[in-house]
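As recorded in TrEMBL:
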DOMAIN    18-446  domain 'Major facilitator superfamily (MFS) profile'
TRANSMEM  58-78  transmembrane segment
TRANSMEM  87-105  transmembrane segment
TRANSMEM  117-139  transmembrane segment
TRANSMEM  176-200  transmembrane segment
TRANSMEM  255-273  transmembrane segment
TRANSMEM  293-315  transmembrane segment
TRANSMEM  322-343  transmembrane segment
TRANSMEM  349-373  transmembrane segment
TRANSMEM  385-403  transmembrane segment
TRANSMEM  423-442  transmembrane segment
Amino acid sequence: MGDKDEKGDKQKIKITRLIILILSALLLFGNNYSFDNPQALQSQIMEEVHISLTEFNYLYSFFSLPNILLTLIGGYIIDRIGCRKSILIFASLVTVSQIIIAFGGKYKSFNLMLIGRVFLGVASENLIISQNVIITAWFKGHQLSTASGCIVTLPEIAAALNSYFSPMIYDYTGSITYPLFTSVLVCFFSLLCAFLLLFFDKSRESILSQEKLEKSTISSNDETHDNLNDNQQNKQNNIHAEKARLQEIKEFPALYWYLTAICTLCLGIYISFMDDVSDYYQKKFQFKAVEAGKFITIPYIFSALLCPFIGYYIDKVGHRRFFLMITSSLFIIAQILFGSVHVASNDKWIAAIPLIIQGLAFTCYSCVMIPCVQYLVDQKYMGTAFGILGMFESIALCCFPLIASKIVESAEDLQTGYKNMSLFYSILGLFSLFLCIALYHYESSNKLDFIDPNNPLPEEIRKLNEYSMITEEKCSVSEDK
């Protein structure tokens, strides 16, 4: 009877984790759909509201500008008040912000749209931080990369649906008002998912405590492994007992700062380029608006399909430092192809190749880079860590689109301008690759290469110690010589 109860409890925990995973993904469904509304309607917004390319990119720069400081403050607040209250606050603000943007489109008020984008940026980035905190709490040590990959799936589908349907809704109605208000409805759906997520998250403390007890029983025969698990599990289960303090930032490991710089460059390349990709394909490759919208769905769909599998693979093999270099290399290759590919009217499928590579690069970013950050910082400081990351990413997302639009507008023609823009993003990709190589050699015993960095197996620790001893012996021999 006891065994049956134990099996029943384990099954209940698995089901609860699955529900948390699905609701966490749906939490960002409306957020991602709304974020890329301007991108899907780029030429239509520029025409109806009478703005230039640089002014259009203000919709993305103003989205990121306040987050240069507010994500750090928001991350600290999330650590203080908890991710549940934070999710409710920021999910509500996302909905209100999109309503403001929709009315700005209805009344052709660019200033009102900018105000809405500012509020959306504050709410969106902090909502993502809150979601990352809750996912880390549930899945750290339980295939976190797999969970991160699955989390990306539904929001990426939302972005794809926006790119596909928003131009079609515009063509059918002849106004940007209707696709913008469609986003409002999607945001209300995600807000409902936020309430459901908070309901199921109430069981987190009891489940984590139960798993801690089971793990300590199983590992009681291995004293070394026990001590490692006890120290880390105690940290994880003191989430609510200990409050974050900003002075702890100075204790973040150097690897965290390497990853912050790499993530900032990679996300800046991806998001900033995708902001202008609709106009890019219409002007550089002579696509029609609806046709460009369909092509733009490729990286989103590609990410949605591959993220769960790549995340699962990373959880099985580790070697995250190597995959960091692969990620940066893919971003570089994609941008080189965007700038160099020439598309004939009868060979438009060629334009899909760089989009596929772009989608694969973002998939690796989501499944490799973000979980690496989550493994390097204690749970009680997770909100602050993601707040700092968000602050630097916001700087990139504020500056990169404006720099790119100035590059395009200063060129002799649009073809040359967009080619130069791809060159700009390629150079940023090279910087990120250099940082990945530096991180790879920074610490030869990097724990990120373990399958579970939080709980490395004793055998892995033994091999690591042997490797360190050999390295030290080689260094001493070379010094003697």
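Each position is counted from 1, following the chain as shown.
Using N, Cα and C of the backbone, Cβ positions are placed for all residues, glycine too.
Just so you know, TrEMBL annotations are computer predictions that nobody has curated.
Most Cβ pairs under 8 Å with the transmembrane segment (117-139) belong to 385-403, among the candidate stretches 322-343, 385-403, 423-442. Within the same chain, residues 16, 19-20, 23-24, 26-31, 33-34, 37, 40-41, 44-45, 48-49, 84, 87-88, 91-92, 94-95, 98-99, 101-102, 105-106, 134, 158, 162, 165-167, 169-170 sit at least 6 positions outside the transmembrane segment (176-200) and bring their C-beta atoms closer than 8 Å to a C-beta of that stretch. If you look at the transmembrane segment (385-403), the same-chain residues 6 or more away from its ends with a CB under 8 A from one of its CBs are 54, 57-58, 60-61, 63-69, 71-76, 78, 121, 125-126, 128-129, 132-133, 249, 252, 256, 260-261, 263-265, 267-269, 271-272, 275-276, 373, 376-377, 424, 428. Put simply, of 87-105, 322-343, 349-373, the stretch with the most CB pairs closer than 8 A to the transmembrane segment (423-442) is 322-343. Comparing 58-78, 87-105, 255-273, 293-315 for CB pairs under 8 angstroms to the transmembrane segment (322-343), the maximum falls on 255-273. Same-chain residues lying 6+ beyond the ends of the transmembrane segment (255-273) with a Cβ under 8 Å from its Cβ atoms: 60, 280, 324, 327-328, 331, 335, 338, 358, 361-362, 365, 369-370, 372-373, 376-377, 385, 388-389, 392-393, 395-397, 400-401, 404, 421, 425, 428-429, 431-432, 435-436, 438-439, 442-443, 446, 448. Sequence-remote contacts of a segment are chain residues at least 6 beyond its ends whose Cβ falls under 8 Å from one of its Cβ atoms, and for the transmembrane segment (87-105) they are 27, 30-31, 34, 37, 45, 48-49, 111-117, 119-120, 122-124, 126-127, 130-131, 134, 176-177, 180-181, 183-184, 187-188, 190-191, 194-195, 197-198. Distant neighbours of the transmembrane segment (349-373): 132, 144-145, 148-149, 151-152, 256, 259-260, 262-263, 266-267, 270, 273-274, 281, 285, 287, 295-296, 298-303, 306-307, 310-311, 314, 320, 323-324, 326-327, 330-331, 333-335, 337-338, 341, 343, 385-386, 389, 448; these residues of the same chain sit at least 6 beyond its ends, with a Cβ under 8 Å from one of its Cβ atoms. Below 8 angstroms of C-beta separation, residues 39-40, 143-154, 156-157, 159-161, 163-164, 166-168, 274, 277-278, 281, 287, 323, 351-352, 355-356, 358-360, 362-364, 366-368, 371, 451 of the same chain, each at least six residues beyond the ends of the transmembrane segment (293-315), sit close to that stretch.
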